[in-house]
């Protein structure tokens, strides 16, 4: 279930004006076939990202659904950076998130990723209760990156506490998005196979609370030190999490994550947004070649 973030800025044909998301996905699928790594998943923006504006047009909706069905892709949308239903602007935000969820349903997108805030679980649950569930579309709560806040949602104790509240409140269609760069930035050492294995075994121990069917990953290395609180992604084995394992990749924490993802068939997205299409495709070619070797 491996794939990447598909930015229409970097993936669509120049001059594209109407069906740019579909065009981007078509080029992305062709690229995967070209490098010998057929993609099973993708992540897109259908709104924003920095403004509460829907940016998928009606023609694009029709063609995107056809594209997703044709290639049997699992696609998730990333919410805008304003999608914080536990904020003081929650009435407007909740309405906008509802629009995004309905569009996801319409075009065959399986989920919407929302950034978790560094706030108490009860506030998050109260915010989620304001959103009407949309059948077939999961809201994935993404692990945040922070250094000083009490609630980081990078430890299994805090993740379990949050999802127990979600389950006990009978909220439906809520999942977890684990960003490896974010949990590293929040102070979790996942560098070695053993370190990552310890964290992932703890995750497996709470599958009764948050099942793997509702877990996805943002598979990113990090350009900053463990516990920095800074969100800066890097290509796999090029950042501070796993670079020291670039010549012994099966001893790395990344290999342990790949094993978990494969064992439980979780979607995993590489989030790269480099300066040019050529830079992006060069980086992704190297990363997916490495992933292919880990999957053997």
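Glycine is treated like the rest: Cβ placed from N, Cα and C.
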**Asked** Which of these, 182, 207, 264, does Swiss-Prot list as part of the Zn(2+) 3 site with 231, 233?
**Response** 182
**Asked** In Swiss-Prot, 115, 218 are given as binding Zn(2+) 2, so which of 135, 142, 259 is in that site too?
**Response** 142
**Request:** Other than 115, 142, 218, which residues of the same chain sit close to Zn(2+) 2? List them in sequence order, counting a residue when its Cβ is within 8 Å of the Cβ centroid of the site.
**Result:** 78, 113, 114, 116, 140, 141, 143, 144, 177, 179, 182
**Request:** List, in sequence order, those recorded positions among 16, 20, 78, 115, 142 whose Cα sits within 10 Å of the Cα of residue 233 (Zn(2+) 3 binding site).
**Result:** none
**Prompt:** Excluding 182, 231, 233 themselves, which residues in that chain have a Cβ inside 8 Å of the centre of the Cβ atoms defining the Zn(2+) 3 site?
**Reply:** 145, 179, 181, 185, 218, 220, 222, 230, 232, 271
**Asked** Tell me which residues of the chain lie with their Cβ under 8 angstroms from that of residue 78 (Zn(2+) 1 binding site), as long as they are six or more apart in sequence?
**Response** 5, 43, 44, 45, 49, 112, 113
**Prompt:** When DSSP states are folded down to helix, strand and coil, where does residue 16 (disulfide bond) land?
**Reply:** coil
